[in-house]
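Visitor: Would you mind keeping the following structure in view while I ask a few things?
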Amino acid sequence: MGSGDTRGESSLVAKPIEIILNKLPHAILAQQQFQKYITSPIYRYLSKLLLFREVAWPESTKDTQKGQVGIFSFQNNYADSATTFRILAHLDEQRYPLPNGAAEKNLPSLFEGFKATVSIIQQRLLLDNVDGATNSDKEKYVQLPDINTGFVNKTYSRIDLTHLLEDVETNVENLSINKTLEMDELTRLDSMINELESRKLKILERVKHIDSKSTNLENDVTLIKDRINFIEEYSLEADREQSLRKQMEEERSSEASSFTQNEEAISSLYDVESKDTRLKDFYKMPHEKSHDKNRQMHIISETYSRNSTAFRMTIPHGEHGNSITALDFDTPWGTLCSSSYQDRIVKVWDLNHGIQVGELPGHLATVNCMQIDKKNYNMLITGSKDATLKLWDLNLSRELYLDHSPLKEKTEEIVTPCIHNFELHKDEITALSFDSEALVSGSRDKKIFHWDLTTGKCIQQLDLIFTPTHSDIKMPARSLNNGTCLLGTEAPMIGALQCYNSALATGTKDGLVRLWDLRVGKPVRLLEGHTDGITSLKFDSEKLVTGSMDNSVRIWDLRTSSILDVIAYDLPVSSLDFDGKLITVGANEGGVNVFNMERDEHWMTPEPPHSLDGDELSRRIAIVKYKDGFLINGHNDGDINVWTL
C-alpha cells in the first residue's frame with residue numbers, strides 16, 4: 001500500500017475523530033442521565049478529550065495533527081498504548097458500585113440507557129444548529145415521531161406499516177427507559193432530601209448545644225457583674241498584699257480583744273435602729289437578677305417535650321438526713337433553698353452543679369416555710385417554729401460561705417446574711433407569702449400578720465375565728481410530715497396562705513378556705529368542701545387549687561365560688577403547686593402526681609433509681625414546688641429531686 005493510500009486512510013480516520021472531539025463530548029457531557037450510567041473513568045476520559053482538543057491541538061496545527069490524535073490519546077509515561085486502552089475500556093465495578101437493591105429495581109442496562117440517550121443527544125445537536133432555540137426546547141428529551149393516522153388508515157403496504165410499528169415501539173421502549181431513569185433520579189433525590197433532613201437535625205442539635213454554651217457564658221457574665229456590684233456594695237475591694245497583711249495582723253491579736261469586739265458587735269446587731277437602717281439599705285442596693293432566661297427555657301422545652309417527665313438530678317441523702325420541711329427555688333437553674341426537720345440552718349444550693357453554696361444560720365428551731373423573691377431582689381424569707389420570720393440576703397450568704405471571704409476579716413462587727421427579723425407572733429410560723437412590698441404570715445397562735453417589707457413594720461392583724469367544733473381538733477399522725485409546715489399529731493391551724501396585691505387566700509385546719517380583702521382586713525368569701533385540714537393552696541386570676549388531709553385536691557372557680565373538679569388520692573395531700581395549667585401534687589407517695597388541666601391528663605413521676613433502696617415511708621413526698629417547667633420535690637428521707645415537665 002502506497003503513501004497516498006496511507007494519507008487517504010488517515011483522512012478517513014481524522015474526520016470521525018474531529019466529529020467526536022468537536023460535537024459528541026459536548027452533547028454527552030451535557031446530559032446528567034448519561035453521566036450517571038457511563039462509568040466515571042470513561043466520563044473523565046471524554047473530558048480529557050475536550051481539554052486535549054483545546055490545549056494540545058491549537059488551531060494553527062489542527063490540520064497537521066488530526067491524523068495522529070489516535071496515537072496521542074493513549075500515550076503516557078506509565079504504560080504502553082495497548083495497556084492504556086485496556087485500562088480505559090475496563091469497567092471497574094468497585095469505582096461505581098450499584099446501590100443496594102439495584103437488581104430488584106430492574107433498572108435498564110448500560111447499553112439500553114445509552115440507546116435511549118442517543119436520541120436525546122441527537123435532538124440537542126440539532127437544536128444547537130437551530131436559531132432561536134431556547135433552553136426549555138432543549139429540555140424536551142424525546143420528540144415523538146409525527147405519525148400520519150390518515151396514512152395508516154389508507155395504506156396497504158405491510159412493509160411501511162412494519163417500519164412505522166418498529167419506529168413507534170422503539171420510541172415507546174425509549175420512553176419507558178427514560179421514565180425508569182427519571183424515577184430512579186427521583187428516588188435518588190428523595191434519598192438526598194432524607195440525607196439533608198438528617199444533616200439538618202444534626203446541625204440543629206449543634207445549634208442547641210452552642211446556644212446552651214452561649215447561655216452559660218451569659219450567666220457567667222451576669223455572675224461576674226453581680227460579684228463586682230457586691231464588692232462595691234460592701235466596700236470589699238483591696239489589693240492582695242493588703243489583704244494578706246491584715247490577715248496576719250488579726251492572727252496575732254489576742255483572744256480577749258477579739259471576744260470584746262465580737263460582744264460589742266452582737267449588741268449592735270440586735271439594736272432596733274440599726275436593723276431598720278440595714279433593711280432600708282438592703283432595698284437601695286442593686287440586687288440584679290438575670291432576666292435573660294427565655295433562651296435557656298426554650299432549649300430545655302425543645303429537648304424535653306411537654307408531658308414527658310425527665311429526671312435531672314438528686315441532692316443526695318445525708319445532706320439533710322431528716323424529712324424536708326420547706327424548700328423554694330429561683331428558675332431556671334438558679335438558687336435552691338431548703339430546710340429539714342430539726343435542722344435550724346437553711347441550706348443554699350446551686351442547681352447548675354447540685355452543690356451547696358451557702359447557709360443561713362439564725363433560727364432557733366425547725367424552719368416550716370420559706371419563699372424566694374421571684375422578681376427583683378435575691379432574697380429569701382423564712383418562718384420557723386421559733387415564732388420568727390427572717391429576711392435573708394442570698395448574695396451575702398454565698399459570700400460568707402467562702403473560706404477566703406474578706407467579710408470574715410471584719411472583726412469590728414459580725415456580718416450576717418439575716419437582714420431583718422419579724423417578731424410579733426406568739427407561736428410557731430406555719431405559712432407565709434409575700435408579693436411586691438407586702439408580707440403575710442400565719443401562725444399557730446391563730447393570727448395572721450400583714451407586714452410592710454420596706455419598713456419591717458406590721459400593717460395590720462387578722463384574727464381567725466373558729467367555731468367551737470373546730471377550735472380544738474386533734475388530728476392523728478398520717479405521715480412523718482404533714483406537708484408544708486408541721487411534724488406531729490396536730491393539724492396546722494393555718495396550713496397554707498397566698499397573697500397577691502390586696503387579695504389573700506387562707507386554708508385552715510377546719511377545712512375552710514377564706515378569701516380576704518386586705519384593704520378592709522376582713523374575709524369576703526368562704527369556700528366549703530374539704531372535710532379535714534388544708535395543707536396547701538395556690539390560685540391565679542380564675543382558679544384556686546387546694547390540697548387537704550382528707551386525701552383530696554379540689555379545684556375552685558373563683559368567679560362563681562363553685563367546685564370545678566375533685567381529685568381523690570389514697571393518702572393525705574402533703575403539698576401541691578399550680579401554674580395555671582399543671583397541678584403537681586405530693587400525696588405521701590413515692591412520686592409526684594401531675595395533672596394537666598387543659599388536656600385532662602394524669603401521670604406520676606417515676607422514682608429515681610437510688611430511692612428504691614429505702615423503705616416506703618422514707619421515700620414519700622413531703623413537699624413539691626413547680627415553676628416554669630421545673631419540678632423539685634423533697635422526700636421524707638431528706639433527698640431533693642429535680643425534674644423537668
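Just so you know, glycine gets a Cβ as well, placed from its N, Cα and C.
According to Swiss-Prot, the protein carries these features:
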REGION    1-274  region 'Required for interaction with FIS1 and MDV1'
COILED    160-253  coiled coil
COMPBIAS  242-254  compositional bias 'Basic and acidic residues'
REGION    242-262  region 'Disordered'
REPEAT    362-402  repeat 'WD 2'
Visitor: Cβ under 8 Å to the repeat 'WD 2' (362-402), counting only same-chain residues 6 or more beyond its ends: which ones?
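Guide: For the repeat 'WD 2' (362-402), the nonlocal Cβ contacts are 226, 230, 234, 279, 282-283, 287, 289, 325-331, 335, 337, 339-346, 348, 356, 408, 415-423, 425-434, 436, 439, 441, 443, 445, 451, 453, 456, 484-487, 627.
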Visitor: For the region 'Required for interaction with FIS1 and MDV1' (1-274), provide the mean pLDDT of the predicted model.
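Guide: The predicted confidence over the region 'Required for interaction with FIS1 and MDV1' (1-274), as a mean pLDDT, is 64.
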Visitor: Counting each residue once, how many in the repeat 'WD 2' (362-402) are helix, strand and coil under DSSP?
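Guide: DSSP composition of the repeat 'WD 2' (362-402): 8 helix, 17 strand, 16 coil.
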